[in-house]
Structure formats: C-alpha cells, structure tokens
Amino acid sequence: MPGNTFGQVFRLTTWGESHGPAVGCVVDGCPAGLDISEDYIQHELNRRRVGQSRVTSARQESDQVQILSGVFEGRATGAPISMLVFNTDAKPGHYENIKDLYRPGHADYTWDVKYGFRDWRGGGRSSARETIGRVAGGAVAKRLLAQHGVSIIAWTAQLGDLKAEVIDESEIERNIMRCPDARVAALMVERVEQARRSLDSLGGIVEVRARGVPPGLGEPVFDKLQADIGKAMFSIPAIKGVEFGEGFGVAHMTGSVHNDPFERRADGTIGTSSNHHGGILGGISTGEEIVLRIAAKPPASIARLQRTVDREGNPTEIEIHGRHDPTVLPRLVPIAEAMLALVLADHLLRQRLARMER
C-alpha cells in the first residue's frame, strides 16, 4: 500500500490502524540539533485527542506519545524520529454486527473494491485516528518553523450556517469549539448538542494561517506551494474543499479589485498593501500571511437508520452506534495546523537547494 509518506526533504510516514495495538509516525529529514520537547508534542496531541469535551467522540484515549528514536538530550540527532502512541480504549466489538455492511459516507466500499480485503474495525487505516501521526510529526515541523520565525494558527470559522463574526485569537483555546468568537462559539455548542440528540452530525469550515513565511517558498508548475498545501489538506479525512485568499470569491471580483499593489516598506522589504492572493503568487510564497480555509463534511457515522447494501450487494439497513464525533471541527484545528507545518517545513528545506548564494 503506497501513499503513506508525505514530503520530499522533510518527510513524514504514518502507520497504524484505529483499533490496532498502536499508531505512530516516522519523521525523516529533520536537521540535527533541533530542540524537540516531548512535552510540546504531547501538548499538540492533547489538542487533537478524543474525549476532550462534549462535542467530541466519547472514546477515552490518553494518546501518550513515546519518542523511540532520533532524539537525544532533547535535540534531534538527524536520524529518523520514530514516535508511538498505544491505543488503550479500542472497542472493535462495536463493529462486529456491521462488518459485512457498507457504511454510507465511509470508505468501506472503496477499500473493498481496491484491495478485496479490509480492516472493518472502525475503518482501520482510513480512520481519522491515523492523524495522530500527522499531529506528532507536525509538532516537529512547527519547532523547525519557529526557529525561522514562522507561526501557524487555525480556528473554527463556521459550523453549518453559524459563522464567526469576531476574530479574537485569544479566545480560540478558551472554548471547546476552538472558535475565535465567544458568542458564536456558545451557539455552535448548542447546535452540536442538538445534532447529537437528533442522531445527526454537522460540517463546517476551519481557517488556517501561517505568519512569518519568507518569500520564495514553493516550486513552479507541479510543486506549487498551494498545490502541495492543497494535497496536504485534502489528504485529511472528511475534507471536501480548500480555498486560498479570496478563494471562490474571486469569481465575483474584477482584476482591478483582486490585484494586490506592491509597495516598498519602511524596513526596505517589498510587500503588498492587501492580501487577496492569500500569500502565494505563481505557486511561490510572497512573504505575506498565507491564508486558507478548508471545508469538512459532516461525520458519516450517525445512529440514524440508513439504507445500504452488504458485501454481496443485498439491500439492507444500518444503524451506526458507538463513540463518534458529531462534528470534526474542534479536533480538525490542530490537524490542519500540522499539515500546513509539514508542507512549509519541507519547502523551507527545499529552498536551500534552489539557488547558489554569493
């Protein structure tokens, strides 16, 4: 099964299944000497963890990370960094009675078609539990970026038709929706609880931003920066849309409005007076803030009676019980940050190979 490794110079490989013994990752290409704190990686994993609030899955996992290699005395050695998290609350029995049925909205059917065999325990490798490795690897990428003055932040921008109207970044980690608008966050919680009572789920939008990104990151044509970021975001389970800058709003704009005028700033650098382009032009970073939004579908696991078929194609009905997220948005925030960090760390290291300095 290919497709488990992401990146060219700074590379992440994830492994493990939802209800297997453990999940984890290997980070390769991390420069030696980088400060790596297990506590910081754990902090990032805690933000992604299930069971952290009443708007997430009730599965109880501590997600305690163990660094197995590549770090000595708190610093990267340059060797592959291997990290492991044991699954301690897996309950595959919840899926025993539906193992031969195709869950609507899930990858059961497509995996069967492709491989002829699948792990039916909570989706196996296709489960969002795989993203533990992404967040752990992304934490290492964040440390690398921080040393170069780059920071990444994300938040829940929209749940259903509820949109954040105020952007107070200090509010994001103060509420369980990770929404920067406290008033709207409270409404979102009510909406999620209502959906759970109705045996349903909700989708929404997460906004992601990167600041301090130097100009010049990204490769022309097929490895454009936004192309790699788009691939990273679309690889996250449940993501159905990605837009940069003004996104699909450009369809309603004119060139004279959308174009961002260049200017020379007081410190001598060149920048733009606006940022409709979202920090990337021609597939290469401009030095402005990188701005993108990702749309997540409603989680497919709902306890309502739904029509489906079994592996033989016989019509039947299915109810999916167990411990499932009524919305992915709060836990999507750290995952999206991690994936953007992985792309930027990779392109930062690749940029060192792009030109000879005089």
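Placement of Cβ uses the backbone N, Cα and C atoms for every residue, glycine included.
As recorded in Swiss-Prot:
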type: BINDING; residues: R48, R54; note: NADP(+) binding site
type: BINDING; residues: R125, S126, S127, G282, K297, P298, P299, A300, S301, R323; note: FMN binding site
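Structure coloured by features recorded in Swiss-Prot.
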residue: R48; record: NADP(+) binding site; Cβ contacts under 8 Å, 6 or more apart: D63, T131, I132, V135, R331, P334, I335
residue: R54; record: NADP(+) binding site; Cβ contacts under 8 Å, 6 or more apart: I176, V189, E193
residue: R125; record: FMN binding site; Cβ contacts under 8 Å, 6 or more apart: M1, G16, E17, S18, D119
residue: S127; record: FMN binding site; Cβ contacts under 8 Å, 6 or more apart: E17, S18, P237
residue: K297; record: FMN binding site; Cβ contacts under 8 Å, 6 or more apart: G105, G203, A238, I239, K240
residue: P299; record: FMN binding site; Cβ contacts under 8 Å, 6 or more apart: S201, A238, H324, D325, P326, T327, V328
Checklist outcome for this item: The correct three-state DSSP answer for R48 (NADP(+) binding site) is helix
